[in-house]
Amino acid sequence: MGSTCDLCRPGFYNLQNTHSAGCTHCHCFGVSDVCESSAWGTTQVRHTGGWLRPSESHHSQAVVHGNDLPAPNNSSGHAPHQLLTWAAPDSFLSNKLLSYGGFLNLSLFYDVPLDNEDHSLPAHCDIILEGNSRSLRLSPPPHLFLSELSERSVAVAMSPRQFIDMETGVMVTRDDLLTALANVTSLRVRVHLNNSADGPIRLSSVSLDVADSSSGDSVPAVAVETCECPWGYSGTSCEACLPGFYRVGGVLFGGNCIQCECNDHANRCNIHGVCEGCSHDTTGPNCDQCLPGLYGDPTEGTANDCQLCPCPLTSNSFSLTCVLEASGQVSCDQCQEGYTGSSCERCASGFHGNPQVVGGACVRCECNGNVDNQEAGNCNTVTGECLRCRGNTGGKHCEVCLPGYFGDAVHNKNCQVCGCDVGGALSGVCDDSTGQCVCRENVTGRTCERCQSGFFGLQSGRGCQSCSCSQSGSVSESCDEEGRCQCVEGVGGDRCDRCHHGYYGHHANSCTACTCDHTGGNCDPESGECTCPPPH
């Protein structure tokens, strides 16, 4: 356009008299039609450390370091077709849109022995460029004629006319080439040998022209477009998104850069809009949730949106998570075992302590297994004192038998009733270990169930009194419950201290029988003289 056709129409750039259409259509990956030629100069990407070399020869050969490839072994004497490959290092990969319109320059050196009769080696070279699911190949491949100690150079223009699609064999469009250059994942140089090489072939130098804003080169990279991108897009061809934006679905051409919705807690997200690198203790696909152990509203978009859960204190918290209720109150919803309350501020049944002080915690009540753990309120949740001891046990920790019971409350758990005799014991309480009751005077037995030997009257409730059996007239010192002693023959009386009727002369250990049959056995108890029976 213009009076002298010296301007490009809107949507076009780079007016060249060698271009059949005059100007080139703005590509801008389909999101802008406003562009101009880059004013940047040209520099070169170089790599002096050697390209990587995956072995793609039809014959087995070693992969070596450096840019030299050894001559393939040809012991058969035939001249097989050979394929040698070099792969570009990282400096030639990733975004190489700034190389559009420049040249990929490479030089090959054939190090053939001087005594070799045939110093020539016919070959041809091609380039494989891969990126964004596209595989492009240089076409047609330039022919080379390698000779001894002579360097052969190849210059490949980075323009669509130089490449074909490896799948379809069709010449690529400018869109295809720019799409591949937006993210180059592989760049390989291949040399096809028509004959067997007699020495190493060296890729002596490789360089790629790229536009560079800091280059002082007087030749500007006019083939590189500089697009006026909509808000959210970046890059010379709008191929990238600004920080905080993402390319929906990863679509490059015509793809939309949408602002990440990360609530100001992250500045990047993936192609599906899922935020990456959430900060300020946030998480979730949109950094819209607080990390476990914190609460708040991350959608407020401040660095202090998430705070430590006060369960019950921020420095003494016993819940993995908490939530901010609509009322503005914080509710701790995952109290650890042993804690209860909306802020885990109390000890649960079966635990005791004070979690509301720094360093305080709830620990399990120690009741020696003598409470029902399924029953609520079995111990004081502050002091830990056991309140509902079972099995006739008692004490702060159910560690002893109750008064009136004895046994082992801790290990054998066999507390049993003392069984103290009502008449013989002072009370129903016994020693809690041995079961020995406290007996009244002259009473014995574990339960105070009998009088001591020589005593009687257990059921009197006043202790036992002495039998006082006559030593000479009784069989032993014991007597029955009525106080009657067991007398020897002829002796009588409760204490065996006199002679029976029909006997006299109580002395030593016995009495003598009276010889008074005619008086019915009546005689004087001392002298034995027969006496008349009393009148009827």
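Indices start at 1 and increase along the chain as displayed.
Every residue gets a Cβ built from N, Cα and C, even glycine.
These features come from TrEMBL:
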type: DISULFID; residues: CYS278-CYS287; note: disulfide bond
type: DISULFID; residues: CYS335-CYS344; note: disulfide bond
type: DISULFID; residues: CYS389-CYS398; note: disulfide bond
type: DISULFID; residues: CYS401-CYS415; note: disulfide bond
type: DISULFID; residues: CYS418-CYS430; note: disulfide bond
type: DISULFID; residues: CYS420-CYS437; note: disulfide bond
type: DISULFID; residues: CYS439-CYS448; note: disulfide bond
type: DISULFID; residues: CYS467-CYS479; note: disulfide bond
type: DISULFID; residues: CYS487-CYS496; note: disulfide bond
type: DOMAIN; residues: 35-226; note: domain 'Laminin IV type A'
type: DOMAIN; residues: 260-308; note: domain 'Laminin EGF-like'
type: DOMAIN; residues: 309-364; note: domain 'Laminin EGF-like'
type: DOMAIN; residues: 365-417; note: domain 'Laminin EGF-like'
type: DOMAIN; residues: 418-466; note: domain 'Laminin EGF-like'
type: DOMAIN; residues: 467-513; note: domain 'Laminin EGF-like'
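Shown on the structure are the features that TrEMBL records.
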| residue | record | contacts (Cβ under 8 Å, 6+ apart) |
| --- | --- | --- |
| CYS287 | disulfide bond | CYS262, ASN263, HIS265, ALA266, CYS275, CYS278, SER279, HIS280, PRO298 |
| CYS418 | disulfide bond | GLY404, TYR405, PHE406, GLY428, VAL429, CYS430, GLY435, CYS437, THR447 |
| CYS420 | disulfide bond | SER427, GLY428, VAL429, CYS430, CYS437, VAL438, THR447, CYS448 |
| CYS439 | disulfide bond | GLY424, ALA425, LEU426, GLY445, CYS448 |
| CYS467 | disulfide bond | GLY454, PHE455, PHE456, GLU477, SER478, CYS479, GLY483, CYS485, ARG495 |
| CYS496 | disulfide bond | CYS469, SER470, GLY473, SER474, CYS485, GLN486, CYS487, VAL488 |
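Note: CYS344 (disulfide bond) has non-local neighbours CYS311, PRO312, SER317, PHE318, SER319, CYS332, CYS335, GLN336, PRO355, i.e. same-chain residues 6+ apart with C-beta under 8 A of its own C-beta. According to DSSP, the secondary structure content of the domain 'Laminin EGF-like' (467-513) in residues is 0 helix, 22 strand, 25 coil. The Cβ neighbour count for CYS335 (disulfide bond), using a 10 Å radius and every protein chain shown, is 24. In sequence order, CYS367, ASN368, ASN370, VAL371, CYS386, CYS389, ARG390, ALA409 are the residues of the chain that are 6 or more apart from CYS398 (disulfide bond) and have a CB within less than 8 Å of its CB. Helix first, then strand, then coil: DSSP counts for the domain 'Laminin EGF-like' (418-466) stand at 3 helix, 17 strand, 29 coil. DSSP assignment over the domain 'Laminin EGF-like' (365-417) gives 0 helix, 10 strand, 43 coil.
Other Cβ atoms within 10 Å of the Cβ of CYS479 (disulfide bond) number 23 in total over all chains.
When other Cβ atoms within 10 Å of the Cβ of CYS430 (disulfide bond) are tallied across all protein chains shown, the result is 24. Averaged across the domain 'Laminin EGF-like' (467-513), pLDDT for the predicted model comes to 85. As a summary of secondary structure, the domain 'Laminin EGF-like' (309-364) carries 0 helix, 22 strand, 34 coil according to DSSP.
Taken residue by residue, the domain 'Laminin EGF-like' (260-308) breaks down under DSSP into 3 helix, 12 strand, 34 coil.
With every protein chain in view, the residue among the disulfide-bonded residues CYS389, CYS401, CYS437, CYS448 whose Cβ has the most Cβ partners within 10 Å turns out to be CYS401.
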